[in-house]
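Per Swiss-Prot, ATP binding site is recorded for 24, 25, 26, 27, 28, 29, 30, 31. The domain 'UvrD-like helicase ATP-binding' feature in Swiss-Prot is assigned to 3-471; the stated evidence is sequence analysis. Under the heading domain 'UvrD-like helicase C-terminal', Swiss-Prot lists 509-808, citing sequence analysis as support.
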């Protein structure tokens, strides 16, 4: 292999006999390294490892397939170089049975090979996510019914306290806690352990608990924030004359806070907070000029005081009641944990009845097979695990940062220990963004912080930091931002020099518009106070649409630059050169696409930008899906008026609003179905009013009612998927939606519903009722499937996708939008919180007194979960930044630009390189992390200028990153993108001194009105000509220098003068060419032979009877008896109807164009050569003409252009010289030499 590996990559590839953690930063080639290590294992003669003796687990099926494919390609290339290698042949043969797979696939393989060890039926099946949800809901409803029947007091108290109005909240808690517990290797044991935390003994001391440790740390961070605010104000007022009397109180406050920060025990900090007091600020008249500083100082001190009092009242003193609170909370938590374990049993039984397992079972059953207990009850590898440990020579774990605890135990059970350590883990903890799937980045961090970088270590760490993806401008920006914001508190890793990416991507130097500074675009959502009174509501855009218009403007600037701008270029590896940017090079990334993507799609479409949003919502709201579901609902139960009316109004029903009114008038007390039935049957049993129902409506009712009855009979005997497709075709609805706007997407949605029904028939639920129930539960549980995907990878559209979906991908241009969107912290406000280490954090509830408030434990968990959520958000931001190859643009909106920039500058007002932890924790969105970092960059001057309060920030001047910061008002985007303005346009016009500059403006108006496009002639150059079109479009002129052309004027003969009797001359010519193409030239010696061949063409349906009659067999005989026909028959190589394409310079056709400007403009010439044959290694070209001609010289002039280009193309096509060029005129049986 010719890859040039870096030294650290070589170490990762060749380091033997150890547990190896490879911390591979974004774009550092981790997959290539992993593949190469696998290769070296199997091609190294000294090791003699077969590829099936290696276990390679990946995160996704796509990653596993790619890995296997890359290994296969590499082995094939090696085999080409050494085709006799038995080992390479063997490894390629073993590749298909290799263990390169997802962790779930491996676990499934273990289960299938060892099902007898856990008493599992070998014929089990895996239920999909939707069937699992349905089964869980059924199990949960049954469980709750049983508990109510038992009148279980603990359950009843639990339902009163946490159930809400209809127990739905308690059901959500049970399901959530069950799912969360599945992330533990032993879920029931974890539930039992967390319950013990609430059963307090008499010697309980909060200061000794795990909760106190977390709370102490959080309080310390908040205290540091308070101290920093006071220090910043003190630094500001120290140099302001007139505020000297504030210095001592502020210094005293800082000392008090410092004292609290340095306390290390809970009891001591509690005592100090109780004694905490604040001296009153001395009052003294000050100069009005310093009043703003005085007010700022007072307000900051009041804010700090309020914060400290809040900590004392809401946290410190709350611990005094913890013992009493826990006495009441413990029985509730006991009932909750027992309820979850009962649910586990019921759900497990339901799966067993159906002989199925779910995805959680796959890992847990595998774990059960691979573990056992020793005599002390400790977990040890089972016999099966030891067999796998012996079998696998090395275990590779890709994307290790996304592993969970269950997977960690599984890998530990089958990996070797001590001197035979064989675990290879590769990943990047900075890209761990799947905590919601129970991923545990702590597993990676534990090894990252404990493994040694020294060679020979049994637990070794190697860092890959050379980025081969992104331009230096992007790498510099990534390092600049994350060195300031990613720390152990927020991000769970201190991003220092060792974690910085190093730019190693190869981008050839280019003088044009490419790459460039990272751009930050901030829009102020605040309405303009001077807004015109007549502004209409349409222009009052919401924040998402405003940002979408900004993005559309930026995309158009890149893809469709104005005349005075150069086109943006991107480097294309396939052509190894720069090319103009295309829409498909641009991806808009969002934290979440729901609500945002539709607005962006609309605005981009309005701007003429093709766009595709990869969303997971909107499917069930599509009109075609709603219509079909309504149809299914009334087939199941026709008495439902809402879906019935929806169907009647749809194209399937075809009823008008007036029709529905007439039907409703029949009887207002009964359903529409009953009304239709009464009309159909002319029922006289009830006093219906049918007089106003005319024959037309009666006929329509009868037709619809008959169809409905037929469908209701058919659905009983047909599988649901077949029935749905039958409906599509019988009603013609599938074709109908295909003709609607967005028809391809709509038909894809219908096919997706059909496929979903196909999957449904394979699950344990059957029938139309259950299918409708299944769909309704999907809708109610927010499991929207998203629109069906209809775009391929190479469609030239801008893509909108979530940051999560972009992980592992790369794109030339990334626009990170929605950077001002608030972080979603709703999960930390639930009534019961869960944490792996800290256990349960419930609300204190008292149903009798109707009170509830968060326990101190819930406050601890809330703070801890907020930190972990923010850490995840920071890693998500890192993933977004590192997707960009050549250009990174960040956009976001803020509520008030001045207040926001002041907040940013205040956060950036610190001496350390890292931004303060408290400001990172209190950030609301991505912009609150990016903004302060950019504010202290030299390029962030606009942030510092707009900030209403002057901060003397310590600028970071030694950094290589380059930024462009743009600030907009919401008013900039009121109308269309082309109408964007930088300031109030009315005021701008009024400020112009028109009287003093009339002549200047007059000249400018004339200049603009008389402007002509410099290259207008190029717009008239055709991209492609056929040779015959060339002959028609241009008139030949003979000059001394060769052939020139001029465009003639043609006047068409009026239609009424044109006759149409039989075949036209053109049609007769086509038929003659067809016969001459297919005729066998070895059988043209007589009339009968040629006639027989023409008849065969009729029989084979090449031509019709009428067309055959237009053929003159005698004309064909004369051709083959002519000089040129005889020469053709003698040739061994005759070619007929040969198509060609040839590029020529546009100036060759358009002589009026300047040569130096249009030399590179090409025109494509295409045509079909009737016949050519070889003669003495040279070519003879023959073109047939069936026209009725008069003057031979006029024919020569008419066709010379065509034959000229035929000859030129033929020489270029074959590389041989064309010796002679002939026209054969069938009308005169004449050969014309045009050589």
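Residue numbering: from 1, along the chain as shown.
Each residue, glycine too, has its Cβ placed from N, Cα and C.
The most densely surrounded of the binding-site residues 28, 31 is 28 (count of other Cβ atoms within 10 A of its Cβ). Cβ contacts within 10 Å of residue 25 (ATP binding site), excluding its own Cβ and spanning all protein chains shown: 23.
Using the Cβ center of 24, 25, 26, 27, 28, 29, 30, 31 for ATP, the list of other same-chain residues with Cβ within 8 Å runs, in sequence order, 33, 428, 464, 467, 468. There are 21 other Cβ atoms within 10 Å of the Cβ belonging to residue 30 (ATP binding site).
A C-beta separation below 8 Å, combined with a sequence spacing of at least six in one chain, links residue 27 (ATP binding site) to 467, 468, 469, 470, 501, 505, 810, 882. Listed in sequence order, 30, 33, 426, 427, 428, 464 are the same-chain residues six or more apart from residue 24 (ATP binding site) with CB atoms under 8 A from its CB. Non-local neighbourhood of residue 26 (ATP binding site): 428, 430, 431, 467, 469, 501, 878, 879, 882, each in the same chain, at least six residues away, with C-beta under 8 Å from its C-beta.
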